[in-house]
Amino acid sequence: MGHVVLSTPIVTMFVVYSLLMLYIGFYFYKQNETTEDYFLGDRSMGPVISALSAGASDMSGWLLMGLPGALYVGGLINSHIAIGLSLGALINWVFVAKRLRIYTSVIANSITISDYFETRFSDDKHILRLISAFVILIFFIFYISSGLVSGAKLFEATFGIQYNYALSIGTLIIVSYTFLGGYKAVCWTDLIQGLLMMSALIVVPIVMIIHLGGIGEGIKIIREIKPENLSFLQGSSVIAIISSLAWGLGYFGQPHILVRFMSIRSIKDVPKATAIGISWMVISLIGACVMGLLGVAYAYKFDLSLEDPEKIFIVMSQLLFNPWITGILLSAILAAVMSTASSQLLVSSSTIAEDFYATIFNKNAPQKLVMVISRLSVLGVACIAFFISTDKNASILSIVSYAWAGFGASFGSVILFSLFWSRMTRIGAIAGMLSGASTVILYDKFGKSFLDIYEIVPGFIVASIAIVVFSLFSSVRAGTKEAFETMLKEIESLRR
């Protein structure tokens, strides 16, 4: 099936949705007076916005395209990714959120993740800041490009326009409201986008089940034509299952998710945000898995030819609903793409403006100049990601998995050890970051011929070993243990 039949209702819904996002960007444009406003929303985000913003910025177009496509092709064996992600997100909210919020606000006013690393280890030479900033820029450029590919595929399939034109339209919309509105605009649009994404992933699978004659009928068809799709284990090795579950390790190192913990209004809001965020995530992941799994049965029953499995949601939205509803549902993909790409663009711009320009090159730069650099950085990073995205044959899932592993291995272990081990040192953090990032890059190129396991696994293990070894053979800097004890006292006071 080539593309959605173009109609006035579908075009209208896309235009209305895009204009709403741009309006939010304009609305918050004048509210950004400082870099803390622009990058963290003045730490004023409530639990609902924080939770849905973390979820929406986390999942991207992968949730509505990559994951359903994987279930369509491989069946339940690919649901281990969803299980690993759910567990990783839960652990992240429960164990990381409060401690990171305290460290980045009560102990030191850290605006970026690189800021946190520098203050946590008293790194007056800015080595940790520079390394983490480079890691963020390298992997985020790939991550952002995956979102742009998703958006381009959506516009291409919806309007039947050439891929590069579709890519240009999607990039322009995303860049515009991020450029203007900053963090508050990103979070408020994430709230709308998160609700839209979850609604779409509830409605489409339910209507599919009705058309199939019930979930039992759908499973019966799959059992007849592709029974291996109904097995959680069949046809897969232990290594493959470990690789899928290991996606959960990535959560501890994703800057665009961690920054949601830093910006939440109060530490006391974290439990409520956790409940909301994990509920949203589980519902959305189940919907995506059901849609991909039953897509095989639907295609067989109604003689549907699907050239690109990652477009199963787009095709179902067209076939099962009237054009007005189709327009709303397809906007959910645009929402998924926008929410993640905008968050990542904002973190990338904060890295350039705060971690490079304001800290290294111009320490006395006025706030307004840093804001200008930030907005120009949004444009610069978007242009590089746009260039990478011109390969229309790139797999959304493969691009996301590479960037996810990069952050999980280079930052994940460093974040966990820094929040739970007072003996960790600056040298240990540097060793962990460098070894984690380099292991992912090298293993992706050379290691899989020996053992085809997701590169986050060796990356996370190597980084953790490096942190422990180098920390034990180096000294803790003055003040870091005292700051760690202060954090523990704050945590203890919340339990009383």
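Placed from the backbone N, Cα and C atoms, the Cβ positions cover glycine too.
Any TrEMBL annotation is an automated prediction that lacks curation.
In TrEMBL this protein carries:
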| type | residues | note |
| --- | --- | --- |
| TRANSMEM | 6-28 | transmembrane segment |
| TRANSMEM | 48-65 | transmembrane segment |
| TRANSMEM | 71-95 | transmembrane segment |
| TRANSMEM | 127-145 | transmembrane segment |
| TRANSMEM | 195-212 | transmembrane segment |
| TRANSMEM | 232-252 | transmembrane segment |
| TRANSMEM | 273-300 | transmembrane segment |
| TRANSMEM | 312-337 | transmembrane segment |
| TRANSMEM | 369-388 | transmembrane segment |
| TRANSMEM | 394-420 | transmembrane segment |
| TRANSMEM | 427-444 | transmembrane segment |
| TRANSMEM | 456-479 | transmembrane segment |
Based on Cβ pairs under 8 Å, which of the stretches 48-65, 127-145, 312-337, 369-388 lies most in contact with the transmembrane segment (6-28)?
312-337
If I count Cβ-Cβ pairs under 8 A between the transmembrane segment (394-420) and each of 48-65, 195-212, 273-300, 312-337, 369-388, which range comes out on top?
48-65
Residue numbers, six or more beyond the limits of the transmembrane segment (273-300), whose CB comes under 8 Å of its CB atoms:
47-48, 50-52, 54-55, 58-59, 63-64, 67-72, 75-76, 78-79, 82, 85-86, 89-90, 93-94, 97, 194, 197-198, 200-202, 204-205, 208-209, 211-212, 215, 217-219, 221-222, 225-226, 229, 264, 306, 309, 312-313, 316
Please give the sequence-distant neighbours of the transmembrane segment (71-95): residues at least 6 beyond its ends with Cβ less than 8 Å from one of its Cβ atoms.
58, 222, 226, 228-236, 240-241, 244-252, 257, 270, 273-274, 277-278, 281-282, 285-286, 288-289, 291-293, 295-296, 306, 309, 312, 419-420
Grab the same-chain neighbours of the transmembrane segment (127-145) for me: Cβ-Cβ under 8 Å, and only residues 6 or more beyond its ends, written as numbers and ranges.
113-115, 117-118, 121, 255, 340-341, 344-345, 347-348, 351-352, 355-356, 359-360, 381-382, 384-386, 388-389, 394, 399-400, 402-404, 406-407, 410-411, 426, 429-430, 433-434, 437
Within-chain partners of the transmembrane segment (232-252) [C-beta distance under 8 Å, separation at least 6 from its ends]:
58, 76-81, 83-89, 91-92, 96, 401, 404-405, 407-408, 411-413, 415-416, 451-454, 456-457, 460
Could you tell me what the rest of the chain brings near the transmembrane segment (312-337), counting residues at least six beyond its ends with Cβ under 8 Å?
1, 4-5, 7-14, 17-18, 56, 59-65, 68-69, 72, 147-148, 150-151, 154, 157-158, 170, 173-174, 192-194, 196-197, 199-201, 203-204, 207-208, 211, 291-292, 295, 298, 302, 304, 306
Determine which residues of the chain contact the transmembrane segment (427-444) at the Cβ level, with the cut-off under 8 Å and only residues 6 or more beyond its ends counted.
117, 120-121, 127-128, 131-132, 135, 138, 402, 405-406, 409-414, 417-418, 455-456, 458-460, 462-464, 466-471, 473-474
